[in-house]
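To keep things clear, I will list the structure first and then write my remarks on it.
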């Protein structure tokens with residue numbers, strides 16, 4: 001579709017939240033590094049997950065698809081040193097997780113991708129390559145990274161405020177090296193929730209890492225991943241769209257969510273409650289957010305950057321002023337998300353000012369409607385769809401198919417809840 005045309009309406013009903021993309025990436029990787037057969041169930045085959053599957057297959061994992069399950073055997077992982085090409089598509093997780101994994105043994109690998117992926121930072125790895133004499137070459141702006149060599153265990157100093165994905169990539173890799181290792185975090189660590197997901201998944205697959213208060217991680221070498229069966233839980237970063245719609249007056253029951261989850265994006269519940277919405281636990285793994293008298297607040301984007309676009313929609317329709325702070329990393333996602341959500345919501349009638357590392361949002365009673373652009377970013381497209389539920393006139397979203405990156409069934413689910421739309 002080139003565009004979707006949405007007639008404003010409240011959403012109502014129950015929706016099965018897609019499985020967590022973050023946890024699926026991690027489970028596929030750990031299973032692929034295990035010597036034996038694992039079954040990973042409840043998989044949503046988004047573009048990012050397919051990229052990780054294909055990447056691990058390129059490195060030697062045997063992966064079979066059976067409906068929503070993956071049967072994975074890592075017996076032959078990294079057995080040969082033949083030249084390999086790994087297409088990351090637009091998945092930053094695939095790229096940053098698999099780069100160090102590909103260097104567990106001597107290897108030659110070409111990482112390619114598309115979209116904005118070539119513009120996303122990789123300097124953390126380049127510094128490690130130079131220290132360890134791993135050969136590498138890359139093209140500015142485009143993702144065409146060639147690496148040759150292998151990693152050795154030891155001490156790794158990593159900034160914590162660029163992307164937690166670098167740390168996760170090393171956490172997956174270092175237990176399989178001969179030497180013991182230490183990761184030292186040299187700045188304040190952002191997105192701790194994603195590190196928790198990585199550590200939890202690694203532990204489930206039988207690997208031990210000591211976490212010293214997120215300042216350093218101590219990793220014994222010569223460990224091995226153990227195969228297991230694992231079901232992926234529902235994704236709070238996707239539930240955040242429906243929670244936000246609920247806060248704005250829709251009535252949506254979200255299924256397949258674990259309230260004890262380690263997912264950092266679960267923070268959306270606390271933020272929305274702080275703004276005046278109310279959480280309802282309907283039954284086991286079933287949650288709703290109910291509309292309340294919404295007021296502006298301060299939202300720290302450093303620990304939950306992925307849910308900031310849709311929370312900006314809620315803030316735009318809340319009383320008073322909301323400030324998004326510590327959000328500079330949103331500029332290096334699939335698009336510049338601070339600029340994109342500010343620009344597009346203002347087209348719909350919001351009052352948002354863009355800052356270097358955040359936003360100032362002055363609430364309005366309602367949005368008007370109009371034509372907006374997704375910036376080919378899945379989270380911007382879905383956020384604008386939620387904004388349409390509080391518009392007076394129809395909303396036209398250009399380039400809506402980008403939702404396939406993380407949530408291929410979004411538009412069907414939106415319609416099943418009473419959303420009125422047509423694609424062109």
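The backbone N, Cα and C atoms fix where each Cβ goes, and this holds for glycine too.
Among 2, 3, 210, 333, the residue that Swiss-Prot places alongside 21, 22, 26, 163, 164, 165, 191, 306 at the 3-phosphoshikimate binding site is 333. Set side by side, the binding-site residues 26, 120 differ in how many other CB atoms lie within 10 angstroms of their CB, and the most is found at 26. Using a 10 angstroms CA-CA radius around residue 92 (phosphoenolpyruvate binding site), the recorded positions that qualify from 164, 191, 306, 333 are 333. Around the Cβ of residue 333 (3-phosphoshikimate binding site), the same chain contributes 92, 116, 120, 305, 377, 379, each under 8 angstroms and 6 or more positions distant in sequence. Of all Cβ atoms in the shown protein chains, 25 besides its own fall within 10 Å of the Cβ of residue 337 (phosphoenolpyruvate binding site). Sequence-distant neighbours of residue 405 (phosphoenolpyruvate binding site) (same chain, 6+ residues apart, CB-CB distance under 8 A): 46, 47, 48, 90, 91, 334, 378. Its own atom aside, the Cβ of residue 379 (phosphoenolpyruvate binding site) has 31 Cβ atoms within 10 angstroms in the protein chains shown.
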